[in-house]
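Asker: Provided herewith is a single structure, encoded as structure tokens, for subsequent inquiry.
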Amino acid sequence: MSWQTYVDDHLMCDIEGHEGHRLTAAAIVGHDGSVWAQSATFPQFKPEEMNGIMTDFNEPGHLAPTGLHLGGTKYMVIQGEAGAVIRGKKGSGGITIKKTGQALVFGIYEEPVTPGQCNMVVERLGDYHLEQGL
């Protein structure tokens with residue numbers, strides 16, 4: 001299965017039990033910042049934004065004082081899982097990033113999608129990739 005298929009069929013799909021509700025944007029990005037696959041709506045990000053995200057996975061709490069920036073959008077960092085998941089909030093939307101062995105799985109959402117739904121979609125795919133050694 002291609003990386004783009006994972007984004008299209010597992011991240012940008014309807015959320016279980018909520019037909020028509022889906023993430024706003026999604027991507028799979030290598031630890032080096034190279035995009036493996038992305039939705040058409042995923043923001044163009046700067047290398048320093050990806051560096052900050054990778055630093056936070058290695059040094060949890062790094063982004064808390066400044067916020068998480070992606071594509072020029074600032075998210076307030078909220079509770080996540082140290083070294084495994086970063087979650088951010090901005091207004092009625094937010095972001096979930098799950099770290100796997102080789103990549104980061106991104107999901108960005110706006111209402112009516114809830115933070116919990118975004119977490120479920122992103123973390124399920126990330127956990128699957130971890131189980132596969134990816």
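Keep in mind that glycine also has a Cβ here, set from the backbone N, Cα and C atoms.
Swiss-Prot feature annotations, pasted as is:
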DISULFID  C13-C118  disulfide bond
MOD_RES   T114  phosphothreonine
MOTIF     84-100  motif 'Involved in PIP2 interaction'
Asker: Would you mind splitting the motif 'Involved in PIP2 interaction' (84-100) into helix, strand and coil residue counts from DSSP?
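Answerer: Grouping H, G, I as helix and E, B as strand yields 0 helix, 13 strand, 4 coil.
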Asker: I'm checking region-level scores; what's the whole-number mean pLDDT for the motif 'Involved in PIP2 interaction' (84-100)?
Answerer: 98
Asker: How many Å lie between the Cα of T114 (phosphothreonine) and the Cα of C13 (disulfide bond)?
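Answerer: Spelling it out, the Cα of T114 (phosphothreonine) and the Cα of C13 (disulfide bond) are 15 Å apart.
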Asker: Which entry in the list of disulfide-bonded residues, C13, C118, has its Cβ near the fewest other Cβ atoms, using 10 Å as the limit?
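Answerer: Checked C13, C118; of these disulfide-bonded residues, fewest Cβ neighbours within 10 Å: C13.
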Asker: Among all the protein chains here, how many other CB atoms are within 10 A of the CB of T114 (phosphothreonine)?
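Answerer: I get 15 for this one.
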Asker: For C118 (disulfide bond), which DSSP three-state class applies?
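Answerer: DSSP assigns C118 (disulfide bond) to helix.
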